[in-house]
């Protein structure tokens, strides 16, 4: 029982959602192009992606835990 609880708490293949960023900490602008965002997200190992209307930036779902997403900090590009 303890082993099962430990396995459930440790996330071996965690997934997260968010705005992926490039090496300059900048989000990917998409101009309402869902296909472009889907491609970016799949290349980063995500399950799906789309162009988020309000930010006009790509939003990914199911990204691996090691992929950087937009947090704090300014775009340096």
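A Cβ is built for glycine as well, from the same backbone N, Cα and C atoms used for every other residue.
As recorded in Swiss-Prot:
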type	residues	note
DISULFID	26-75	disulfide bond
DISULFID	30-51	disulfide bond
DISULFID	37-58	disulfide bond
DISULFID	41-60	disulfide bond
DOMAIN	16-76	domain 'LCN-type CS-alpha/beta'
SIGNAL	1-7	signal peptide
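Features as recorded by Swiss-Prot, highlighted on the structure.
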residue: 26; record: disulfide bond; Cβ neighbours (10 Å): 15
residue: 30; record: disulfide bond; Cβ neighbours (10 Å): 21
residue: 37; record: disulfide bond; Cβ neighbours (10 Å): 25
residue: 41; record: disulfide bond; Cβ neighbours (10 Å): 24
residue: 51; record: disulfide bond; Cβ neighbours (10 Å): 21
residue: 58; record: disulfide bond; Cβ neighbours (10 Å): 27
residue: 60; record: disulfide bond; Cβ neighbours (10 Å): 26
residue: 75; record: disulfide bond; Cβ neighbours (10 Å): 11
Cα distance (Å, whole number) from residue 37 (disulfide bond) to residue 60 (disulfide bond): 8
Nearest of the disulfide-bonded residues (26, 30, 58, 75) to residue 41 (disulfide bond) - Cα to Cα: 58
Residues in the domain 'LCN-type CS-alpha/beta' (16-76) grouped by DSSP into helix, strand and remaining coil: 10 helix, 21 strand, 30 coil
10 Å Cα neighbourhood of residue 37 (disulfide bond): matching disulfide-bonded residues from 26, 30, 75: 30
Listed disulfide-bonded residues 26, 30, 51, 75, filtered to Cα within 10 Å of residue 58 (disulfide bond): 30, 51
Separation of alpha carbons, residue 75 (disulfide bond) and residue 30 (disulfide bond) (Å): 16
